[in-house]
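Engineer: Under the heading domain 'SPX', TrEMBL lists 2-145. Annotated transmembrane segment per TrEMBL: 250-268, 280-303, 315-332, 338-356, 377-399, 411-431, 514-540, 546-565, 577-601, 607-626, 671-695, in sequence order.
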Amino acid sequence: MVAFGKRLKETQIQEWQGYYINYKLMKKKVKNYVQQIEVSEQSREYVLKDFSRILDKQIEKFVLFLLEQQGELARRLFILGQEHDVLVQQQDGSKLSELQQSYRDVGRELLQLLFFVEMNAIGVRKILKKFDKRCGYKFTNYYVKTRANHPYSQLRQIFKHVGVSAVVGTISRNLADLQDNKGNYTSIYDHPDLPLQDPIIGSINQAVDRLTNSTDFLHYLGKHALILPEELPTPSEDHAANERYHLMSLLLNLANAFLYMVNTYIIVPTADDYSMSLGAAATLCGAVIGSMAVAQVFSSVYFSAWSNKSYMKPLLFSSIVLLVGNTLYALAYDFNSIYFLLAGRLFCGLGSARAVNRRYITDCVPLHLRMKASAGFVSASALGMACGPAVACLLQTNFKFLNITFNQDTLPGWIMALAWFIYLLCVWTTFREPPMEEIEDVLLPKSNSGKIENGLMQKGITQPLLLSEEETKQDEDEDQDCDNSEESAEEIQKPVTSIVSAYKLLTPSVKVQLLIYFMLKYAMEILLAESSVVTTYYFIWSTSNVAVFLACLGLTVLPVNILVGSYLSNIFEERQVLLASEILVCLGIVLSFHVVIPYSVPQYVCSALITFVAAEVLEGVNLNLLSRVMSSRLSKGTYNGGLLSTEAGTLARVFADSTITLAGYWGMSRLLNVTLLPSLFICIFSIIATCFTYNSMY
């Protein structure tokens, strides 16, 4: 059988370089145009037409080469199809396996071709951006408007994938046919819902999605976990992931995420009452709720490091610490000790194993299930957020047993202590510790000697589009997010070893997105943590009313994400949704202030709903963007992307809860406005930062 699946050779890569959009040439043209415009204003129209013509020729060269390569792949698939027909009749298992590998190799080359398309698409974006910035007027608006919808536009071919879809369909169908070498073949047409097991298909689909910015609810929700995707794994690595996979262990991992979120929010409706019953001010609820977040800042790091060696032991330790923490929280009432109360919440924070939850999905779930598992992690967390206050609503009782008080303040602690005890037994008896062999990051073939880093391929075939280091220093106003992120292939294989190293990998746009994440978590924590105090002071709401209100807010999480993931993200650019959501959060905060007119329930409920829903939309879109542009080196190791986002959100909660406690010194009448002022300031600052980095975002 002819070996069609050879990886691209270096000579072939050199041939490809001639078909890239020549960024350096276009850059020189822009400089010349700037000089012409300074000399004569009348040359603007000439510059516009001339630059359009040159860019048209560059895009045409690339598109024609793309069509040629698609034709070559189609020819190879046609020949493989003929061999397929012959081998099916012979039932030769070894040759069928070789044929499978040949189809995968064609898929890898298609994936490489898609990376080639992506690099040229990024090149076009950079050229348009440079022209707009240097020449002082919006060439992008003119060029895209005149080329995007014209029937003969070559620009449309960059984002049009009819040929690619046909190739993917052929590879998918034949790999599905060859999945069972015994002859019981499964048709993708008879079973459209059958998941495609081969990772090459998933990688190709992800590459196509990056080009089209298309998404669906599952992928949108899954990216909220910020479990950064790896590139195409080798067959041995995919087999290793399947060896590690254990369904019950995954479910226990998701249950941990669910219970922890329940544990976080179950005390919110009663925290102020509990504080007052122990002789403290109602606003101490900020410290009670926030002490859990303070401890989580540290626990996230050591749990992330612990997950390098084990998954079961951190989960067991987490359960024990949370069991102790909730018991201390519940006993604080009978001991009449605010210190027991705070210590109990600190212990709960020290038991936060969310870093382990993320790491388990990254390392122990096969690629074709990883997005579903990530979406399950986010869904479990959202469900826990809604269930926490709902459970608190049901605990309206008061009795004593063995001189221990069980009431609406202490029952959340006892209920969660029981839940963690049961969970501890389940992990001890059911969880299967996966083998902890060191897993190396997966690289594409050497000819494609780099992985996608912040949306760019590195080394090898990427050089024509990227500026050299010297040029980058001379022209610092150019897409630093892209150019400065270039690393060697050897460096990409190594996870970062310190928080400082991780910080150095963050580009300006990523830092802004982490700031946005901090802002939205701050605003949400202010809203949720002080809800019981504010509603009791202004509206005399009972604990049940507060719990129902918070549960209803929590229940909006998944419907809102369905709306954004399935519809809005496919209609609008994510950057547009991001900015619009920030403005809505700001509007919700402004409407929450108590000024002049009496504070009413409709004002509070409407402003809270706007703030919370807009923040949820903002969180989803922001994390979706982060998952695309954050360094792939942050996908593994202790200091990974999930840890960084967790720390940013946790610090926001710490500052928000501290704000509530400190604001109590100004009195209950000023609490609302005093706590909202920092939220408003941070929100405005994040909007300004977003506007400055808007064009740099993916």
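Every residue, even glycine, has its Cβ placed from backbone N, Cα and C.
Model, not experiment: these values are computed from the prediction.
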Engineer: For the transmembrane segment (338-356), find every same-chain residue at least 6 residues outside the stretch whose CB is under 8 Å from a CB in it, and list them.
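Structural biologist: Sequence-remote neighbours of the transmembrane segment (338-356) are 253, 256-257, 260, 263-264, 267, 274-275, 278-280, 284, 287-289, 291-296, 298-301, 303-304, 306-307, 311, 314-315, 317-322, 324-332, 413, 642-643, 646.
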Engineer: Can you see whether the transmembrane segment (577-601) and the transmembrane segment (280-303) are touching - at least 3 CB pairs under 8 angstroms, only pairs 6 or more apart in sequence?
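Structural biologist: In this chain the transmembrane segment (577-601) does not contact the transmembrane segment (280-303) - fewer than 3 Cβ pairs sit under 8 Å.
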Engineer: At an 8 Å Cβ cut-off, counting only pairs 6 or more apart in sequence, do the transmembrane segment (546-565) and the transmembrane segment (377-399) clear the bar of 3 or more pairs?
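Structural biologist: As far as Cβ distances go (cut-off 8 Å, pairs 6 or more apart), the transmembrane segment (546-565) and the transmembrane segment (377-399) touch.
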Engineer: Looking at 250-268, 377-399, 514-540, 607-626, 671-695, which one has the highest count of Cβ pairs under 8 angstroms to the transmembrane segment (411-431)?
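Structural biologist: Highest pair count goes to 250-268.
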Engineer: Near the transmembrane segment (280-303), which residues from the same chain, at least 6 beyond its ends, have a CB less than 8 A from one of its CBs?
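Structural biologist: Result: 264, 267-268, 271-274, 314, 318, 338, 341-342, 345-356, 529-530, 532-533, 536, 638, 643, 646-647, 650-651, 653-654, 656-661, 663-664, 668, 671.
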Engineer: Apart from its near flanks, which chain residues at least 6 from the ends of the transmembrane segment (671-695) lie with a Cβ under 8 angstroms of it?
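Structural biologist: For the transmembrane segment (671-695), the nonlocal Cβ contacts are 129, 283, 508-509, 512, 515-516, 518-519, 522-523, 526, 530, 533-534, 537-538, 575, 578-579, 582-583, 585-586, 589-590, 592-595, 599, 655-656, 659-660, 663-664.
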Engineer: Which residues of the same chain, at least 6 past either end of the transmembrane segment (377-399), have a Cβ under 8 Å from a Cβ in it?
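Structural biologist: For the transmembrane segment (377-399), the list is 221-222, 224-225, 227, 253-255, 257-270, 357-358, 361, 405-408, 411-412, 415, 543-544, 546-551, 553-555, 557-558, 561.
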Engineer: Would you report the average pLDDT that the model assigns to the domain 'SPX' (2-145)?
Structural biologist: 72
Engineer: Taking a Cβ cut-off under 8 Å, which residues six or more beyond the ends of the transmembrane segment (250-268) line up next to it in the same chain?
Structural biologist: 274, 288-289, 292, 311, 315, 318-319, 322, 326, 329, 345, 348, 351-354, 356-357, 360-361, 364-365, 373, 376-377, 380-385, 387-389, 391-392, 412-413, 415-416, 419-420, 423, 426-427, 430-431, 528-529, 531-532, 546, 550, 554
